[in-house]
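Here's what TrEMBL has on this protein:
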BINDING   GLY120, ILE145, GLY146, ASP147, TYR148, VAL149, LEU150  S-adenosyl-L-methionine binding site
COMPBIAS  267-276  compositional bias 'Basic and acidic residues'
DOMAIN    1-239  domain 'tRNA methyltransferase TRMD/TRM10-type'
REGION    254-276  region 'Disordered'
Amino acid sequence: MQIDIVSVFPEYFDITGLSLLGKAQEKGLVTIKAYNLRDWTHDVHHSVDDTPVGGGAGMVMKPEVWAECLDDLLGAGGTGRAGGQATDPVLIFPNPSAPLFTQADATGLSQASRLVFGCGRYEGYDARIPDYYRSRGVDVREYSIGDYVLNGGEVAVSVMLEAITRLLPGFMGNPDSIVEESYTGEEPLLEHRQYTRPTTWRGMTVPEVLISGDHQRVDRFRRDEALERTSRIRPDLIGRLDCDRLDKKDRKTLEGLGWRVGPGPHPVKDDGPVSR
Ligand SMILES: C[S@@+](CC[C@H](N)C(=O)[O-])C[C@H]1O[C@@H](n2cnc3c(N)ncnc32)[C@H](O)[C@@H]1O
């Protein structure tokens, strides 16, 4: 996978040389390049922003500079070709007022051969930039990483980058470690709680079932704990489960937690609708 990142602080991405992501680059699984947007400016101040049309506080990132940069990275006119080769790029802009980035998005994007990220700053980027590249046939995505506002897109890109690249085949030493995780799979739930040795620490003992050696009981205990934690912390995820995929024991656990399982397609909370 090739990843290009455009930012006014490209040094921020020096951290991608560390840890597992650094190793993945050494192994050739992923190539990450960070570019300075100011390299595409022509004025003496290397300005990338201007005042908002219609008035208001702050500054907005200019479309001309972004377009010169993205045309170079994506190919002339942003047709999605670089160096004469079709590269199937996905262009991604972090944006707090966009749909939330989820594990399902990370999974989908981990199949792409090339990602180009554009980091916003100030009050954000001119809204015509993503629209223009969409109109050129580029797969453009805008994502928020949460309901809060950061100073710039660099942190958000780091978050997405890590969520995506850890799903690349060969990235994890033990591939099983990404199979049973929170939000993962056909039935995204929060994960059960985890413990390690010693089994008794400062008078606190791990649940007895986990040291029983009975794998069936362990699996059931973990599944029930995942259902209970998800019901309490993220009831919206329970409300999206497919009733047909729930076994008898799942149903019993959910009913004990105040959910009606069936006759509809998804569980329904006895005391009314749930939202995030
Ligand atoms: C200060 S923010 C702009 C906030 C914008 N004026 C608003 O109120 O929605 C500057 C840049 O930081 C990035 N950013 C900030 N918060 C983010 C979030 N929660 N998710 C994704 N990107 C974010 C985006 O790239 C954004 O263009």
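Cβ coordinates are placed from backbone N, Cα and C, and glycine is handled just like the others.
No curator has checked TrEMBL annotations; they are predicted automatically.
Bear in mind that the values here come from a model prediction, so they are computed numbers and not experimental data.
Distribution of TrEMBL features across the structure.
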residue : record                               : Cβ contacts under 8 Å, 6 or more apart
GLY120  : S-adenosyl-L-methionine binding site : MET61, PHE93, PRO94, ASN95, GLY152, GLY153
ILE145  : S-adenosyl-L-methionine binding site : PRO94, LEU100, PHE101, VAL155, ALA156, VAL159, MET160
GLY146  : S-adenosyl-L-methionine binding site : LEU100
ASP147  : S-adenosyl-L-methionine binding site : PRO96
TYR148  : S-adenosyl-L-methionine binding site : PRO96
VAL149  : S-adenosyl-L-methionine binding site : PRO96
LEU150  : S-adenosyl-L-methionine binding site : PRO96, ALA156
| task | Run through the region 'Disordered' (254-276) and tell me, per DSSP, how many residues are helix, strand and coil. | result | 3 helix, 4 strand, 16 coil
| note | Close to ligand 1, in the sense of Cβ under 6 Å, among GLY146, ASP147, VAL149 as binding-site residues, are GLY146, VAL149
| Per-residue pLDDT averaged over the domain 'tRNA methyltransferase TRMD/TRM10-type' (1-239), given as an integer | 94
| task | Could you check what DSSP calls LEU150 (S-adenosyl-L-methionine binding site) once collapsed to helix, strand or coil? | result | coil
| task | Using only the Cα atoms of GLY120, ILE145, GLY146, ASP147, TYR148, VAL149, LEU150, which the record gives as binding S-adenosyl-L-methionine, return the largest interatomic distance in Å, rounded to a whole number. | result | 16
